[in-house]
Amino acid sequence: MDKFRVQGPTTLQGEVTISGAKNAALPILFAALLAEEPVEIQNVPKLKDIDTTMKLLSQLGTKVERNGSVWIDASQVNIFCAPYELVKTMRASIWALGPLVARFGQGQVSLPGGCAIGARPVDLHITGLEQLGAEIKLEEGYVKASVNGRLKGAHIVMDKVSVGATVTIMSAATLAEGTTVIENAAREPEIVDTANFLVTLGAKISGQGTDRITIEGVERLGGGVYRVLPDRIETGTFLVAAAISGGKIVCRNAQPDTLDAVLAKLRDAGADIETGEDWISLDMHGQRPKAVNVRTAPHPAFPTDMQAQFTLLNLVAEGTGFITETIFENRFMHVPELIRMGAHAEIESNTVICHGVEKLSGAQVMATDLRASASLVLAGCIAEGTTLVDRIYHIDRGYERIEDKLRALGANIERVKGE
């Protein structure tokens, strides 16, 4: 397994170009199954999950090409089953189900690997499709959906806010007969982006970005060209990298209005921030950040995907800061690793109490999930000595060429090939 070897401490400064958002590109690629004509999708990041999705679409009979943009022609789709081999590595595969049943009247997707039935994350997807008139069976580890004729529009009240299920219901409803209203819908920018992509193909969707989305079904969707929005979490990660190292950065190809909560907290931490239409600059003027209190919640509040990075910021800040995680359980697995590097923190139920220290020391640490592992790499950039970050395949799932981008900012980082 590959590792990162990072030598610190360094002050990170310079410019970075932000990639397209994985969390928008994935649902958009699956939604392209609804189109009867070719689609060109621009600004798609080069990541493992994207490659897996393109492979999956090919297996269904879709023509998929990548040269700069990703080109998808789903006019000849003739297989309606997403097999376990491809699904097991990627939960997002469930997003194939809605488009398949909406356009072809049938679809089956292998259940994402090792889901305990009780806490199954696909439940909200299934109940949503059932409310649109699909018949759902769980057989031999597959979710099988079918409908005679077209799906029917419905008034759907989501039990809880779910980005994934909002995407599934919205995508399927574009080809349903009649009008669908989704109440308590997710409001994330990636939902808005997916909706705007579908509108480009001829869908009738309004209210995206609010908790009530209305979809008027149409008979068919055509082709089109669409550009995926910039990755707000990658943007936030690089802003934090500069903030914790007393540095100065400009993020290009960014979208500031998707990061309001994060920018507000960085300003509280003492960062000097300016924004333009497609750029964000941050300057710490060589100062240490001040500790901030953060509470994660669904968009437009503070994103859970920035929690690990702000935990790190607080651990090297002046003062004491509280980080409360309300979205996911077990999302503090980076904290014991940071403590190995000299951080002072206590975990009390869903809150981390961070006591800022002046410096961290390099250590051997292990990545546990995507965002936690990014925070360990950033910690290595500012720690004294050498940090080895193991299991970095987590990082590769969500960050495009993170070591190249950090190196361009002055980091001393290299990828060490595993056995």
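Backbone N, Cα and C define each Cβ position, glycine as well.
Per Swiss-Prot, the features are:
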| type | residues | note |
| --- | --- | --- |
| BINDING | Lys22, Asn23 | phosphoenolpyruvate binding site |
| BINDING | Arg91, Arg120, Pro121, Val122, Asp123, Leu124, Lys160, Val161, Ser162, Val163, Asp305, Ile327 | UDP-N-acetyl-alpha-D-glucosamine binding site |
| MOD_RES | Cys115 | 2-(S-cysteinyl)pyruvic acid O-phosphothioketal |
| ACT_SITE | Cys115 | active site, proton donor |
Cα separation, Asn23 (phosphoenolpyruvate binding site) to Asp123 (UDP-N-acetyl-alpha-D-glucosamine binding site) (Å, whole number): 20
Helix, strand or coil at Asn23 (phosphoenolpyruvate binding site) [DSSP, three-state]: helix
Fewest other C-beta atoms within 10 angstroms, as judged across Asn23, Ser162, which are the binding-site residues: Ser162
Intrachain C-beta neighbours of Asp305 (UDP-N-acetyl-alpha-D-glucosamine binding site), sequence separation six or more, cut-off 8 angstroms: Ile233, Arg371
